[in-house]
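Since the structure comes first, as structure tokens, the remarks are kept for the end.
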Amino acid sequence: GDDVKSACCDTCLCTKSNPPTCRCVDVGETCHSACLSCICAYSNPPKCQCFDTQKFCYKACHNSELEEVIKN
């Protein structure tokens, strides 16, 4: 669906198993659009994290200059 296509993650952690088990550990006011189990802390603004695991990482949400420096 479109939710998976629009989902993004800046910080994705994967195990070294084959296939890998990956989880997005971004913390924000909402979870990404494809998240099924989103846990939010009752704070203002809320701090939400997705606890789904996949065999892949979603694309990055932000292409910051810092990330570009690391790639070069």
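Placement of Cβ uses the backbone N, Cα and C atoms for every residue, glycine included.
Values in this document were obtained by computation on a predicted structure and should not be read as measured data.
Swiss-Prot records a disulfide bond between Cys50 and Cys35, which is the match among Cys14, Cys22, Cys35.
Of the cysteines listed (Cys8, Cys12), Swiss-Prot assigns Cys12 as the disulfide partner of Cys57.
Within the set Cys14, Cys24, the cysteine that Swiss-Prot bonds to Cys22 via a disulfide is Cys14. In sequence order, Cys38, Cys40, Cys48, Gln49, Cys50 constitute the residues six or more apart from Cys31 (disulfide bond) in its chain with CB-CB distances below 8 Å. According to its DSSP assignment, Cys48 (disulfide bond) is in a strand. Proximity note: of the listed disulfide-bonded residues (Cys22, Cys35, Cys57), Cys57 have a CA within 10 Å of the CA of Cys9 (disulfide bond), given in sequence order. Rounded to a whole number, the distance between the Cα atoms of Cys35 (disulfide bond) and Cys61 (disulfide bond) is 14 Å. Cys22 (disulfide bond) sits 6 Å from Cys57 (disulfide bond), taking the CA atoms of both as reference points.
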